[in-house]
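The structure under discussion appears below in the form of structure tokens.
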Amino acid sequence: MIIGVPKEIKNLENRVAMTPAGVEALVGRGHTVLVEENAGIGSGLDNKRYIDAGARMVNAVEAWGAQMVIKVKEPVPAEYQYLRNDLLLFTYLHLAAERRLTEALLAAGTTAIAYETVQTDNGQLPLLTPMSEVAGRMATQVGAHYLERHQGGRGMLLGGVPGVSPATVVVLGGGVVGTNAAKIAMGMGARVIIMDLSHSRLQYLDDVFQGRMTTMSSNEANIRTYLKEADLLIGAVLIPGAKAPNLVTRDMLAFMKDGAVIVDVAVDQGGCVETIKATTHANPTYVVDGVVHYGVANMPGAVPHTSTFALVNQTVPYALKLAEHGFAALSQDHVLARGLNCHQGKLTYDGVGKAFGMEVTPLAEVLL
Ligand SMILES: NC(=O)C1=CN([C@@H]2O[C@H](COP(=O)(O)OP(=O)(O)OC[C@H]3O[C@@H](n4cnc5c(N)ncnc54)[C@H](O)[C@@H]3O)[C@@H](O)[C@H]2O)C=CC1
Ligand SMILES: CC(=O)C(=O)O
Ligand SMILES: [Mg+2]
């Protein structure tokens, strides 16, 4: 198969969807890999490394002209021109938060497999996990930064100092993002409260962290109570593939301290804070009712030397299957099949259909 790897063009996105090691694996199985010139520069991977691994360096049009395009971020409007009905697109899509992109993929008839909805039988999301690990750890780091007074925050050190209280970090959602955020917050000495709907998840967190953080059942009353105490609120909930639930409504901001910070990592699925909107690394924050809001939807793009390798480690085995068998790979691997969101003008993912009131075709009807 001919595989294209375009350069990412989302704001300050420095990741790339394939490393030289990944290229070597694909080329070793007889595939052709077309990498856009300088696609790896932001991750410290120059063109020569890709050429040495067996790739051909091409321009954007040629990379997008491949049979399968592997990317990191969802296509941005400037890339919609490249969508076609004989294209297999393998990337993050987050369609439930992007009606325009959903419509563009359906209109073009593109076969679109979303990293974030590839799902194992026990509910894990193997291609979202590596970036959630990065974004979760970053969420605390970023939150600590914006809590500084001259960044708009209340001017508080996350860990406090002897004789002065640490900051309170409230984490909504105790999955991969939430757990990683909590780990770093505890490491920095903050007081941490983590909330989840899943009791078994709270049991796990309680066992692993041995009372070093407080676990709380996620409901409106508890959210209201702990919002009042939060210096830093981290949004980390997910219903796979669906629009995130609005857990913090606009009126609740009034309970929050002036200069408190919200980092809503779930913004890529629409966010779990009503007042969050997607921002960019170039302009990451804004203030509503005295509360600093951070809504960058591609947080891991800021640390490409970590993120590119973490992502590609997980995507390559699936990319190899798709390269070998094309669309038929989905019939052979039901974990990968759950990644299918659009095929030949049909929407095949429930969570996206629910978000937009669109008709959904069952997966079984479109698989070969
Ligand atoms: N902004 C960015 O750059 C990035 C964003 N993300 C996003 O972060 C979000 C979280 O991802 P993961 O941690 O990997 O998901 P996950 O599936 O590991 O964890 C989500 C958790 O939310 C919990 N949950 C669901 N509804 C809830 C509710 N009403 N109250 C409290 N908890 C609730 C679930 O029980 C689960 O434990 C996703 O939207 C993901 O796409 C991930 C990586 C980068
Ligand atoms: C998951 C995601 O949105 C990202 O890594 O950018
Ligand atoms: Mg206030």
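Here the Cβ of each residue, glycine as well, is placed from N, Cα and C on the backbone.
Annotated active site, proton donor/acceptor per TrEMBL: H94 (among others), in sequence order. Note on H94 (active site, proton donor/acceptor): other Cβ atoms within 10 Å of its Cβ, all shown chains, come to 24.
A sphere of 10 angstroms centred on the C-beta of D268 (active site, proton donor/acceptor) encloses 27 other C-beta atoms. The active site, proton donor/acceptor annotation in TrEMBL covers D268 (among others).
Positions annotated as substrate binding site by TrEMBL: R15, K73. Classification of R15 (substrate binding site) by DSSP places it in coil, neither helical nor stranded. The number of other Cβ atoms within 10 Å of the Cβ belonging to R15 (substrate binding site), over all protein chains shown, comes to 29.
Annotated NAD(+) binding site per TrEMBL: S132, D196, R201, S218, V237, L238, V265, A266, V267, D268, V296, A297, N298, M299, in sequence order. Annotation for V265 (NAD(+) binding site): spatial neighbours S132, A135, G136, A139, V177, A181, I234, G235, A236, M299, criterion Cβ-Cβ under 8 Å with sequence separation of six or more.
With a 10 A radius on its CB, H325 (Mg(2+) binding site) counts 15 other CB atoms from all the protein chains. According to TrEMBL, the feature Mg(2+) binding site maps to H325.
Look at TrEMBL and you will find 4-135 tagged as domain 'Alanine dehydrogenase/pyridine nucleotide transhydrogenase N-terminal'. Taking H, G and I as helix, E and B as strand and the rest as coil, DSSP gives the domain 'Alanine dehydrogenase/pyridine nucleotide transhydrogenase N-terminal' (4-135) the counts 53 helix, 21 strand, 58 coil.
Separating the Cα atoms of H94 (active site, proton donor/acceptor) and V267 (NAD(+) binding site) is a whole-number distance of 10 Å. Ligand 1 lies under 6 Å from the Cβ of none of the binding-site residues R15, K73, H325. Annotation for V296 (NAD(+) binding site): spatial neighbours V267, A278, T279, T280, H281, P284, A302, criterion Cβ-Cβ under 8 Å with sequence separation of six or more.
Of all residue pairs in S132, D196, R201, S218, V237, L238, V265, A266, V267, D268, V296, A297, N298, M299, the annotated binders of NAD(+), the farthest apart have Cα atoms separated by 26 Å.
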